[in-house]
Amino acid sequence: MSNKRLLLFMIIFHLSSALRTYTKEDLVKLREEVREMFYHAYNSYLKYAYPYDELRPLSCDGMDTYGSYSLTLIDALDTLAIMGNYSEFQRVVDILSTKTDFDANINVSVFETNIRIIGGLLSAHLMSNKVGMKLEPGWPCNGPLLRLAEDVAKRLVAAFDTKTGMPYGTVNLHSGVPKGETTVTCTAGVGTFIVEFGALSRLTGDPLYEEVAMNALYSLFNHKSQLGLYGNHIDIDSGRWTAQDAGIGSGVDSFFEYLVKGSILLQRPELMEMFYESKKAIDKYMKKDDWYMWVSMTKGQVTLPVFQSLEAYWPGVLSLIGETSSAMRTLHNYHQVWQQYGFTPEFFYIPQNEAGSHKESYPLRPELIESIMYLYRATEDPFLLQAGEDILRSIQHSAKTPCGYATIKDVRDHRKEDRMESFFLSETTKYLYLLFDTDNFIHNQGQSGTIIDTPNGECVIDAGGYIFNTEAHPIDPSALHCCHSVSNKNIFDLKEIEKNKALFMGEGIKEKKIPVEPCQQQNEFDDPKEDDEVLTITTESANSYVKLEDNDSISQKILVSDEDYQDNASYLDDTEEMSFPKLLNQILVKEEKTFDPQEMLEKFRTENKYPRNSTWENNFKLLSCKGQPFLQRLSILGEFFTK
């Protein structure tokens with residue numbers, strides 16, 4: 001054996017022998033420690049901050065952040081169910097059920113309201129049966145939380161009434177899109193709706209929500225660069241990219257996440273095709289030694305060699321498509337950053353191996369533990385348990401306060417900041433808990449399920465395969481097939497089970513996948529030329545980049561000159577003379593016109609700007625999983641049983 005091989009063998013042996021062995025008792029102890037962490041934060045919110053949106057853990061009081069609707073209470077609701085506290089879950093649902101709508105004269109983030117409020121309400125609605133609540137007739141197609149979720153969606157859907165079908169970033173919950181609202185939206189703000197809106201359409205029978213979300217995704221896909229890359233921000237009126245840095249992190253992240261999750265949840269293979277097309281470009285231009293850089297969307301050259309804390313979701317997404325080896329290598333890189341500081345800073349400069357200046361905070365983010373939990377379910381690698389315990393120890397040591405858990409202002413010295421974002425209870429503690437609670441019902445792999453009666457017949461729920469939205473609110477995919485006429489195309493007779501079982505076997509190991517040609521694109525996006533003047537709004541660095549986190553208020557971040565953005569809606573046609581009374585009449589008519597969501601939907605259908613690809617839509621082999629248990633697959637595909 002050569003010296004190099006001997007050295008490599010010794011290193012591998014040392015690493016493997018250094019891993020701790022976790023017994024069942026160890027996992028239970030860690031799980032209970034996470035439970036105590038959650039309740040310290042949750043009870044502090046109830047004591048010091050409720051009914052405000054968030055807790056200030058150093059001041060021991062509360063503040064409103066996203067709309068003054070007790071955000072943390074809604075965000076934490078399904079975590080209570082996952083941890084088995086059904087009585088508190090029911091108490092909170094009773095409080096929320098007294099609310100009939102979300103009518104309020106406040107401007108809110110369309111993105112944040114969707115993932116936190118609609119996502120939280122839908123997840124809690126679907127868990128109501130699990131916790132033993134008294135259900136309304138027709139559940140899961142009916143219920144107070146479902147009605148509240150739809151009420152919020154009806155208020156958000158006005159944002160999609162644009163020339164491109166991509167939504168504005170802000171709406172007023174009472175009056176729609178605010179006057180003068182910027183037309184610039186981050187990529188994630190366009191592509192992060194299909195999970196919640198798709199679930200809502202399947203449960204209510206109203207196709208509006210799923211169709212507008214799909215239309216926005218098709219629009220975004222058709223505006224990618226010739227290299228197949230997406231910028232960071234886009235003008236939803238003109239389709240012009242205003243920030244041309246392409247990456248997988250801040251301002252973009254959940255777009256890629258929702259292509260995969262939406263495809264699985266709604267059984268839409270075209271979304272998986274979009275993801276694979278996007279991933280080809282990501283791997284070609286961004287991936288360097290299992291890190292992912294920021295590059296120019298038109299040239300593919302590296303513009304920002306950083307790792308962002310938000311990017312740590314990526315290994316979890318790779319695990320959902322079966323690429324666990326690649327995911328594990330990238331996760332090891334991210335975990336090394338955690339070990340260096342005890343946390344992951346918002347920006348970590350890879351060449352310098354150090355936290356970014358003015359980007360050294362850690363707001364209790366969940367992305368790293370999210371990927372760890374996903375990969376442990378896929379691999380059961382004990383390294384992942386150790387990595388999860390590292391995260392638990394760091395938070396307990398440096399973020400805990402007498403009134404909750406605080407954001408780490410600087411990962412280098414662990415100074416605290418007076419904020420505990422709601423995702424700490426919705427995501428961070430939930431993923432930690434699920435990592436150590438290996439027997440949780442969320443992890444059901446089809447060993448069991450529940451048959452319920454619906455107006456469409458009997459269907460299976462609770463058979464596993466839960467899809468987490470980007471705020472970690474789990475959606476039971478099987479429940480989406482229990483409502484209205486959407487599922488009647490999938491009638492299944494148990495007496496014919498032997499005859500039809502081949503439908504669920506997936507693709508043979510030796511069978512080669514047939515490459516699918518990309519769909520024909522109309523209105524192809526023209527890349528900005530090198531000499532064009534472009535309003536550059538990119539991810540932040542020491543070189544005056546603008547902060548673009550998933551919870552940024554975009555309208556507050558972007559400054560646009562009159563020269564860059566002039567009003568495209570001209571009332572005067574250059575070729576037509578118009579009298580002042582006629583002009584005034586047109587203006588008045590336009591101002592008085594009210595938003596009609598059905599009219600918007602019919603416009604999208606009629607214009608058909610982004611034609612669907614029937615080959616992609618029917619390539620269900622992409623959704624097959626050879627190891628998926630029969631009952632779980634049956635549940636996800638939405639078969640009904642004849643009596």
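Every residue gets a Cβ built from N, Cα and C, even glycine.
Quantities reported herein were computed from a predicted structural model and do not represent experimental measurements.
Per TrEMBL, the features are:
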- Glu112: active site, proton donor (ACT_SITE)
- Asp253: active site (ACT_SITE)
- Glu346: active site, proton donor (ACT_SITE)
- Glu367: active site (ACT_SITE)
- Thr470: Ca(2+) binding site (BINDING)
- 1-18: signal peptide (SIGNAL)
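Its own atom aside, the Cβ of Asp253 (active site) has 27 Cβ atoms within 10 angstroms in the protein chains shown. The CA atom of Glu367 (active site) is located 10 Å away from the CA atom of the residue listed as 'Ca(2+) binding site'. Using a 10 Å Cβ-Cβ cutoff, Thr470 (Ca(2+) binding site) registers 27 neighbours.
Ranking the active-site residues Glu112, Glu346 by how many Cβ atoms sit within 10 Å of each one's Cβ puts Glu346 at the top.
Cα of Glu346 (active site, proton donor) to Cα of Glu112 (active site, proton donor): a distance of 19 Å. When the Cα atoms are compared, Glu112 (active site, proton donor) and Asp253 (active site) turn out to be 14 Å apart.
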